[in-house]
Structure formats: structure tokens, C-alpha cells
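Take a look at the structure below.
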């Protein structure tokens with residue numbers, strides 16, 4: 001279900017970058033908000049199913065909680081402005097540094113609490129506070145979201161964290177939602193060694209919170225400000241391998257908008273065949289690889305490409321954000337993984353990041369890549385895929 005959602009969100013992003021009339025801008029903005037809500041509902045529903053099946057795994061990395069809050073503020077800016085609400089945040093000094101956490105899940109938890117606060121607050125402000133705590137002898141983080149909304153009676157608060165339940169059945173009629181947002185927060189927190197809860201009084205607003213274990217670390221992978229436009233530093237030659245036509249069309253338009261050259265392959269065999277038979281001067285600077293494809297999946301294709309070009313940067317594309325898939329991608333040689341639906345800026349960041357790596361070290365890595373490309377071209381490995389016919393790169397029909 002995340003694959004068609006990638007197409008919706010991706011083409012909406014491209015449409016917003018084109019000249020539009022005022023009414024068209026309004027239509028696209030409304031569609032984008034609806035797509036964001038749909039993505040949230042899909043994520044909650046799929047994650048709830050994983051939690052019930054006990055298949056949820058964490059993917060922890062070094063990150064700062066400030067980056068999470070900034071991304072959330074950017075995501076909800078339009079909704080906050082439309083209701084005239086103010087969003088402030090305060091991060092205590094002891095938790096301002098990088099910590100080890102599942103940034104994707106923590107982001108989802110913060111988004112769920114903010115979405116809930118905005119939904120039930122008609123005027124005033126929303127305050128996010130982040131402070132340190134201790135959880136079963138481990139250092140932890142507690143995130144509190146306080147609003148000036150309607151509040152919740154004590155007798156209805158327990159139902160808030162039960163799946164598919166609302167404190168008041170009329171809520172779903174007036175505000176929509178699946179009733180999974182808060183239960184997801186509670187279940188994620190439990191998996192992370194923490195908990196979740198709320199303090200609220202009718203007419204006085206509410207404070208919803210969650211906590212999770214988080215060890216401090218020394219460094220963090222820096223990411224550009226999510227509110228800042230990201231563009232490609234060079235005209236990268238980018239290969240995209242995906243068996244879904246819609247995804248290839250989206251990639252084609254995104255790469256064109258990024259002023260990059262696209263090599264679009266509709267199968268793993270086509271990608272490997274291109275690298276076996278083309279001159280190294282036409283090889284890509286980076287490859288984006290879908291995980292799930294027939295005949296040769298993304299992992300098999302990655303292994304085959306790296307056998308030809310050991311230094312080729314390969315970034316995985318997947319709708320499955322599980323730690324298991326992420327670890328499998330790293331084991332087979334992928335450098336990074338993007339989770340669908342991703343944005344144009346995500347592609348640009350990856351191109352710039354790995355492109356810079358190729359240029360670093362006085363060009364030694366680029367020279368190594370070029371040498372491996374030349375070797376792959378000189379020494380054909382036709383025997384590696386017996387019985388395969390010559391495949392052509394995908395081109396968008398006119």
C-alpha cells in the first residue's frame with residue numbers, strides 16, 4: 001500500500017513546484033494535506049499489525065531530538081497556521097546532544113501527539129517539552145506535549161490508549177481518525193523500554209507524554225535543515241532500478257527536476273546487463289535499488305552489481321521500514337536505505353552525500369570506482385546469468 005502512496009505524494013510534490021494559479025495552489029495544498037493524513041493512517045495501521053504480531057523491530061541510530069521536533073514543526077506548519085495556533089518547544093540541556101534512538105519511530109510518536117493536540121485545540125498554543133528521565137536504571141528521554149484544548153474527563157482517559165477506541169464516540173464523526181494514534185505511541189514506548197500517559201482536565205487542556213530509553217553517544221550524522229531546499233551539487237548520473245512503472249515515471253520526473261541524468265531500469269537483470277555491456281564512461285554515480293522485484297530482487301541485484309563495480313554506491317528503496325530489512329540491506333552492500341514514500345530532497349541528499357564521498361580522498365575513491373568499471377567492461381561476465389536475454393533500459397512511453 002505504501003507503493004501507490006509514494007506515487008501520490010511524489011507527484012503532488014512535483015506538481016507544487018510548477019506554475020499554478022491561486023485556486024490550483026489551494027487544491028494541491030488540500031490534496032497534499034490529505035495525502036499526509038493518509039500516510040499517517042497507513043503507517044499507524046501497518047505498525048499496529050506488526051506490534052500485534054510481535055514483529056516490530058527497532059532500528060536505532062545516532063540522532064538529536066531537536067531534529068525530530070524541527071521536522072514535526074515543518075510537517076504541521078500549515079495546520080497550525082490555519083487554526084492560528086502557536087507551537088513552541090523547549091529541550092532541557094541534558095538531552096540536547098545526540099542519543100541512540102529509532103528516529104523514525106520517535107518521529108512518528110511525536111507526530112501522533114502533535115496531530116492529536118492540533119485536532120482538539122481551537123485556540124491558544126501547544127508546548128513541547130523534552131527532558132531527561134531514568135527508566136529501569138537506564139538513561140531515558142521524556143517528551144511532553146501540552147495543549148490548551150478541550151481536555152478529557154478522567155473517566156474517559158483510559159480509553160484513549162486502547163486501539164480503535166475514542167474517549168467519546170462522537171469524536172470520530174467530528175474529527176475522523178482511526179483511533180490508533182495514541183495506542184501506537186503507548187506500544188512504541190513499551191518496545192523502547194518506556195511508557196506513555198496523559199494528564200487532563202475538561203476545559204483546562206491536556207498533557208500527553210511518552211518516554212523511551214536513550215543512551216548518549218558522541219556524534220551524529222548531520223542532516224540539512226528540513227525547512228531548507230536541497231538541490232544536487234552536480235549533474236549526477238543516477239540509476240534507478242524498480243519494476244513498478246509508476247515509480248520509474250516518478251523517478252524520471254524527480255531526477256529531471258533535480259537536473260540529474262536518469263538511467264531507469266525495470267528489472268535487476270536490466271541493471272546488471274547495462275553495467276556488463278556499457279562503456280564505463282556511461283556508468284552511474286549512484287544506484288537507487290528497489291528491494292522487491294521478480295526474478296532478481298534488490299539484494300541479489302546489489303550483490304551482482306558490486307561484483308562488477310565494488311565501489312558503486314547503492315541506496316535501497318523499500319516500503320518496509322523494519323530493522324530486519326535495513327540490516328539485510330547493509331549486509332549485502334547497500335550504503336543507505338530510503339523508506340517509501342520518500343521525497344525529492346531525500347534523493348538529492350543521498351546523491352550529494354555519496355557523490356562527495358567519491359570526490360573525497362584526492363579522488364582515490366573515484367579512481368578506484370573508475371578502475372573497477374573499466375575492469376567490468378573489459379572482462380565480460382556473461383556466464384554469471386546463463387539463459388538471460390539482453391534486456392533494455394526502461395523508457396517512459398510517449
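Cβ from N, Cα, C; glycine included.
Taken from TrEMBL, the feature domain 'Histidine kinase' applies to 1-216. Among the features that TrEMBL reports, domain 'Response regulatory' is placed at 237-355. Look at TrEMBL and you will find 290 tagged as 4-aspartylphosphate. According to TrEMBL, the feature region 'Disordered' maps to 362-382. Taken from TrEMBL, the feature signal peptide applies to 1-17.
For the domain 'Histidine kinase' (1-216), the mean pLDDT of the prediction comes to 84. Neighbour count (other Cβ atoms within 10 Å of the Cβ, all protein chains): 25 for the residue listed as '4-aspartylphosphate'.
In the domain 'Response regulatory' (237-355), helix, strand and coil residues by DSSP number 59 helix, 24 strand, 36 coil.
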